[in-house]
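Have a look at the structure below, then the notes.
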Amino acid sequence: MVNSYSWVNHFQAFVLIIFTFVISAQSDVPRPRGVSLSKASLYSPTKDFTCFDGTVTIPFNYVNDDYCDCFDGSDEPGTSACLNGVFHCTNAGHRPENIPSSRVNDGVCDCCDGTDEYAQPETCKNTCEEMGREARAEAQRLADLHKAGNHLRLELIEKGKKKRNELAEQLSQLEKDKTEAIKIKEEKESLKNQLEAKENEVLQVYRDAEEKERKRKAEEEKEALIKEGTEYFSMFDTNDDNVLTVDEVKVVNAFDKNKDGEVDQEEIQYFLGTNESVDKETFLSTTWPMLKPFAMSEQGVFQRGVENEELDDQDTDEATRDIETDEGDNEEENAEDDLPQDVDQEVEPESSRIYDDETQKIVDEASEARRQWTDAERAVREIESNIRNFQQNLEKDYGLQQEYATLDGQCLEYEDKEYVYKLCLFQKVTQKSKNGGAEVGLGNWGEWAGEDNKKYSVMKYTNGIACWNGPNRMTTVNIHCGLETKMLSVSEPYRCEYNIELATPAACDDSNASQQQSHDEL
C-alpha cells in the first residue's frame, strides 16, 4: 500500500532528481533515469506525472525521489523504492534491456553500461562495446550457419513436398484398390454362400444317417446300462423282494466309498439319500450311475448273508464277464459311459469324414470358396490399415514447408556415462542402460510446443513409461540450426522430465537469422 506523502522526504529528494534526470546518449530527448526512449513522452517535466495505471497524479518532482507513490511503481523507474518497478538499461553499443528496479544500486552490475549502479559509478565498468562486439560476432556466426544450412533446408523442403505428394498419390491409389478389393470380396462371399448352401444340402443326408446311428447306439447303451444295473441289483437284493434296504447296502463293499471296511451312515445317504430303501426303478435311474465306478473297482467282491454265501455258477460267470468288459477303464470314464453322450461329442468332424466322390467334390469346392473369401477379406483389412497409416502421415505437421517430413522415423542416438538415448523423430524417445536391461520409454510423439512464432523450435514427447511412484516420463526436444541432424545433449532437469538439444538443417531459416542479426545490431 502506498504511504501518505511526506513533504520533508520529497524536498530532500528534490536535489537527487537533478542528478537522476539524464539526457540519453542516443537522443536529445530528456527523460528520467531508468526510462526507455519509447516511454520518454510519458515523463514530461512541464506537467504533473500520472501513474501508468491511472490511479494517482503527482507533481513531476516526485518522480525518482526514492519514494513509491504509484501502485504500479511507474514513478520510480530509476530507484529501488518500488518492488514492481522497471529500470531501463540503455546499453549503448550492445542490446538494451529492462531489469527490476529493485536491483538498482544493489552493488551488482546488471547493465553493461553500469547505469543501474549510479550511486557508486566506480563499481561498474562499461563493457557494452566489448559485449556488443562479441554478440555481433555470434550473431554473424549464426547468420552464416543459417545461410549455409538453409541450402540443406531447401533440399529437405523439396524432398518433403515430394514425399507428401507421393503419399497423397499412394493414398488415392489405395482408395481405388479398396473399392476393387471390396468388390472381389463381395463376389467371393456370394460364391461361398452358394456353394455352402449346396454343400449343406448334400451333407444333410450324411448328418441324418449319423443322427440315426447315434440314436441307435444311445438306445443300445441305455439297454446295456439297465441290464447291467439289473444284474447288480439282483446280486445286492439278497431277499429278492425288489427293494434294496439299508441292511442289504451295509454288507456290500461297493458302497464303502472310503474303503475303511464299513459302510457308514454318510455313505448310505450319498447313495440312497434320505430313504431307508430304494426300489429297482429308483436304483437303476439314480443309485446305479453313482455306484457303478465303485462296483467296478471291487471286481465283483462283496459280502452276503450266511445263507447266501456263494453265488450260483451262472450268476458268477455273468457278473465276471460284465466286470471284465470294463477292466482297464478309469472311474471317471466309467461314469461318463453310463450317461447319454452329448450329440456334438458323438458327431465326427465333417473335415475328417469320407464321402462319395460327388459329395467330396462339392465339399472341396465349398472349402476352396471359403479360403478365397477369407483371403479377400484379409486383403480388404490390410488395405484399410495402410489407408489409416497414410492418412495419419498426411495429417502430421511437418513444418510450414514440409521441411521436417523426411525426418519422420529417422532414429538418432546419444551416449553419456550411463545411458544410450535414442530419439526416433515423430515416433518415440527411449533410454537404455549401458549395463543391460530393456529400453525405457521416455515419451511418444505428441506435438510441436514452441511459443508464438517459434512453434517449430520445440517438440514434445509424452506418455512414456511411468517412473517408480511418479508421473509418466516425458521429453522436450529443443531444435537448433545445424548442418547435420544429430543430438547435441540430453539432460534430466527434473525427475522424469528429459531435455534433448537437437541440431538439424530443417531449422536453418536464413530469413529469421537475418532479422535476428539486424535486431541485435540496434
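Cβ atoms here come from the backbone N, Cα and C positions, even for glycine.
Feature annotations, reproduced from TrEMBL:
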COILED    157-228  coiled coil
COILED    366-393  coiled coil
COMPBIAS  308-317  compositional bias 'Acidic residues'
COMPBIAS  324-349  compositional bias 'Acidic residues'
COMPBIAS  350-362  compositional bias 'Basic and acidic residues'
DOMAIN    250-278  domain 'EF-hand'
DOMAIN    409-510  domain 'MRH'
REGION    308-362  region 'Disordered'
SIGNAL    1-25  signal peptide
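Long-range contacts of the coiled coil (366-393) within its own chain (CB-CB distance under 8 A, at least 6 residues past either end) are made by residues 167, 170-171, 174-175, 177-178, 181-182, 184-185, 188-189, 191-192, 195-196, 198-199, 408. Looking at the coiled coil (157-228) alone, the prediction's average pLDDT is 94. Here the domain 'MRH' (409-510) has, by DSSP, the following mix of helix, strand and coil residues: 10 helix, 58 strand, 34 coil.
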